[in-house]
Amino acid sequence: MTNDARHPDARARAPLPAVNSYTEWDPLREVVVGSLLGGVFPDWQESMERVVPDAARPVFRELGGAPLPAGLLKAAEEELEGLVAVLEGHGITVVRPDAVDHEVPFGTPHWSARGGLYAGMPRDLLMVVGDAIIEAPMSWRCRHHEVDAFRSLIKSYFRRGARWLPAPRPQLTDELYGGGADGWAVTEFEPVFDAADFLRFGRDLVVQRSHVTNDFGIDWLRRALGPGFGVTVVETDDPHAMHIDATLAPLAPGKLLVHPERYVPHEVFAGWEVRPAPPPTLPREWPMYFCSPWVSMNVLSLDPETVVVERQEQPLIEALTEWGFRCVPVDFRHVYTFGGSFHCVTLDTVREGGPGRYLGVP
Ligand SMILES: NC(=[NH2+])NCCC[C@H](N)C(=O)O
C-alpha cells in the first residue's frame, strides 16, 4: 500500500539497516555524539609520555582521577550541544552516551587506575564497519571501562540487527608497555588498538601503527573483518602518533586532506587528489591537554560535498570552499582542549551507501 502522506524525500531516505556505515563521507543519517560531562583527568602511565603535550604530563601525574576544570568543561559541553543542534538541523538523528561516574577508581588483579576519563570521544573507542560495531581494546588503562557509557546504545543497535564485535579484552599488564626496539610505547604482548587509528574507505581500511595501536591489534582486526575487507598499514610521519584523524581526512572519493608534514605518500592513494591543510589558527596559549592544534583538520563530513569545520579556522574554510565543499561552521575550540574535534567526538552509525572500492590496493 502506498502512503500518500510520505515526505517528498521519503524515497531518497529509504530505510537502511540499524547500523550501516562504510566510509567517512557518505550521506550521514545517524551519529553518536560524545559527552564530556563528569570527565576526569586520566591517571598517568608511562606510555602516555610520547603522545600528550608536555604541559599535560605533570597535570595527569598530580590530578589523575580528579574532575576536568569545570569552566572549560562547561564551555566544551555547550559547543557539543551546538554541534548536536546543527546536525539535527540537517535532518540527522543524534544519539548520546549514558551518564556514568568517571571518578570511580578501578583495577584488575595486575594494576589500578585512579579513575576513568570521559565519554567524549566515541571515535577513539568504537568503529563501525558496514553493519558491525567493533569495540576497540584500548591501551590506556584509564580507558579500560570507557565503553560502559556506550553499552546501552550498542545493545540497542544489536537488538535491531547490527553485529557486535568486541576485541579480546586486553590485560594491560606491564609487559604491554615500555616500548619495543622499534620505539613504540606499546609492545606486541597482546592485541591493542584505538579505533581512531583507522579510516574507512568502503571495503578498504587504512591504519597507522601508533603509540596505542600495535601490529597484533591490526592483525586481529584484519582477521575479524575477514576476506571481504582489506586493511592497509600506511606510514605517517608523526613522532607522537595516536589517532590518524588529524593526519589524513578523506572528504569524498578521490579527495584527501592531509597534514602537510605528517602525510607520507602511499600507493593506496594513487589517483586521489591530495591537498595539505592550512595551519591551524588556535592561539599558542590555548589550553590543550591531549592533542595538537591540528585537530583543526578533524572535520566531519555530512556528505561528499558538506563538511563541518571549526568556525575560526578561516584558512581551512577558504581552502575547502575553493576545493568545492560547502562548509558548515561550528564553534569547537573548547572541545579541542579535551583531545579532539568533530571527527573524534562522533561515531557515524548510519550513512547511506554500501561497500564500494575506492583505493588503489591490488
Ligand atoms: N580521535 C581523536 N581523538 N583524534 C585526535 C588526534 C590528534 C592528534 N594525535 C594530534 O595531536 O594532532
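Cβ coordinates come from backbone N, Cα and C, glycine included.
Asp194 (active site) falls outside any helix or strand according to DSSP and counts as coil. According to TrEMBL, the active site annotation covers Asp194 (among others).
Look at TrEMBL and you will find His243 (among others) tagged as active site. In sequence order, Arg123, Asp124, Asp194, Ala196, Asp197, Ser210, Val212, Cys291, Gly340, Cys344 make up the list of same-chain residues 6 or more apart from His243 (active site) whose Cβ falls under 8 Å from its Cβ.
Note on Cys344 (active site, amidino-cysteine intermediate): other Cβ atoms within 10 Å of its Cβ, all shown chains, come to 26. Annotation comment: TrEMBL describes Cys344 as active site, amidino-cysteine intermediate.
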Listed active-site residues with Cβ under 6 Å from ligand 1, out of Asp194, His243, Cys344: His243, Cys344
All-chain count of other Cβ atoms within 10 Å of Asp194 (active site): 25
